[in-house]
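Okay, structure first, notes after.
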Amino acid sequence: MEPTTIVLFGATGDLAKRKIYPALYNLFIDGKLPKEFSLVGLGRREWTDESFQANVEKSLHQFSRREANDAGLVKEFLRAFRYSVLDIGRQEDYLKLLQLVESRENELQMQPNRLFYLSVGPEYFEPIAANIKESGLGSANGWKRLVIEKPFGHDLSSARDLNRNLSKSFEEHEVFRIDHYLGKPMVQRMESLQQANPVIQALWTNRYIANVQITANESVGVEERAGYYDHVGAIRDMFQNHMLQLLMMAAIHLPNDSTSEEVRFKKKKVMEALELVQKEDVIANVIRGQYAEGSMQGNPVVGYKSEPGIAPDSMNDTFIAAKLQIDNNNWRGVPFYIRTGKRMKDKSTRIVVEFKEPLKQASTKSEDGTEPNLLVIEIGPNEGITLQLNAKDPEHKGSFKPVHIDLQASPQNSPEAYENLIGDALNGDPTFFAHWDEVELSWQWVQPILDAFEENLVPLYPYAAGTYGPVESDALLAKDGYHWWFDAKPDPNNAIKEGDQYAYNSNY
Ligand SMILES: NC(=O)C1=CN([C@@H]2O[C@H](COP(=O)(O)OP(=O)(O)OC[C@H]3O[C@@H](n4cnc5c(N)ncnc54)[C@H](OP(=O)(O)O)[C@@H]3O)[C@@H](O)[C@H]2O)C=CC1
Ligand SMILES: O=C1O[C@H](COP(=O)(O)O)[C@@H](O)[C@H](O)[C@H]1O
């Protein structure tokens, strides 16, 4: 691996502490950091190298998946870490930074390959990129890369503005947009699932597949992120990025040895084939919801509007379900149902592929006990791939029962998404990062929904915390003769208590 300096903006922040340092430590333990490696952390806090290193060490003890109890190893890891006070808006701080980066490169006799990681709010992306260029930090005789975190814009036009401005300082091949769902081990394994199994590859078409369901249920509520979340909602926080990325990954066909260009080209093709929903049709294809009071594992929890920092009349969505259609030869006629929500009954991210039952009309359980064949990809927190088939039930003559074949058992202690992604960024492998084309097409698909929400053309359905979202989300599938797989039975005591649906502009 090539010598690298990571220049980390936001080194004193939450993401760095919870994800970036533990990921770097695990890469270090696995021998996946470059031998010549330097990291310069930045923030306004008046930290020294020593206090920075002490904070990094503390984060390893708190958040690393591997214990950091070998003092010698931890010390060796921390030796690469330096800190510099920098205010993003002060140009002179970048000159001081340049001196520090260069002096470390000289000291370690390293090539000046620099990876700029922006673990800061999106409002800082543009000034930082411009200052990197202005100060000369970006013009050394090595490669440069820019790693940015979501959100990439607030809507289609702001995303385009952001991209236009970033491209003044970095070329597209130098920009690594993190979508941490693409770093999840099970999402990365989807590629090899098809490649290593011609049977699955052959079945991956509308000839055999009835529908695809992509779920990312979260049990947490808005937590302490009211200021951010109340302006974005589930549609921008999860749907525009993570959920559409999962859709792309599920819908592409990947022959063996696909290059990163091929993967990204195919993802783009999927997005281009996604049927656009007009603003006035959003109501028929998208369900938006907001959690009301309810109970989580037997404990009462407040509704969204009573959460600290949330406006009591907030119309923000905490749940989205949608039906999407891909208009190409592989997927025409196969609905993709996507849903994500906060304060759902349990935490689970999964993709379920439901196969057709050629001899039956609907996919409901039939008299003989057969159920549709399902391929279930559990992405988190449990990981695994299971195939559900039907087998004769020896105890009940003539009938069948579903059996589950584990194609990929749950791996123990697999790498965190950030380990995979930071490792890839260090290696310059863009496969599992979001290309601008995908980001732009995703915003393009989402924009009419944002407009419909803004104009209140779609009902905002309340759902009790601790359920699977509004019943209208079940109806979205029931219209087509399907149902969400693996939802536990609803608890009748946990139902909406605070009134009916919110008013919406039904006269459009
Ligand atoms: N936390 C998470 O789990 C996730 C975060 N993200 C994204 O990552 C980014 C960072 O989030 P997070 O770490 O949670 O945010 P925090 O608020 O915890 O940290 C913000 C960081 O930015 C620095 N900063 C803020 N203003 C300035 C400034 N003017 N000059 C220099 N440094 C500044 C702060 O340093 P100091 O205070 O020392 O100035 C701090 O290190 C955001 O874009 C967020 O959306 C994405 C996914 C998950
Ligand atoms: O990006 C985000 O993702 C998390 C969910 O991530 P997961 O890996 O735990 O599934 C979500 O809670 C958060 O709101 C969102 O910003």
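Cβ atoms here come from the backbone N, Cα and C positions, even for glycine.
Predicted automatically and left uncurated, TrEMBL annotations should be read as such.
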From ARG44, ARG189, ARG207, grab the residue that TrEMBL records in the same NADP(+) site as GLY10, ALA11, THR12, GLY13, ASP14, LEU15, ALA16, LYS17, ASP87, ILE88, LYS150. ARG44
Would you identify which residue of GLU218, GLU223, GLU261, GLU371 TrEMBL lists as part of the substrate site it also attributes to HIS180, LYS184, ASP237, LYS342, LYS347? GLU218
Expressed in angstrom and rounded to a whole number, the NADP(+) site built from GLY10, ALA11, THR12, GLY13, ASP14, LEU15, ALA16, LYS17, ARG44, ASP87, ILE88, LYS150 spans a maximum Cα-Cα distance of 22
So of all those binding-site residues, GLY10, ASP14, ILE88, which one's Cα sits nearest to HIS180 (substrate binding site)? ASP14
Cβ proximity for ASP237 (substrate binding site), under 8 A, sequence spacing 6+, ordered by residue number, returns PRO151, TYR229
Around HIS242 (active site, proton acceptor), how many other C-beta atoms are within 10 angstroms of its C-beta? 21
Which three-state DSSP class does THR12 (NADP(+) binding site) fall into? coil
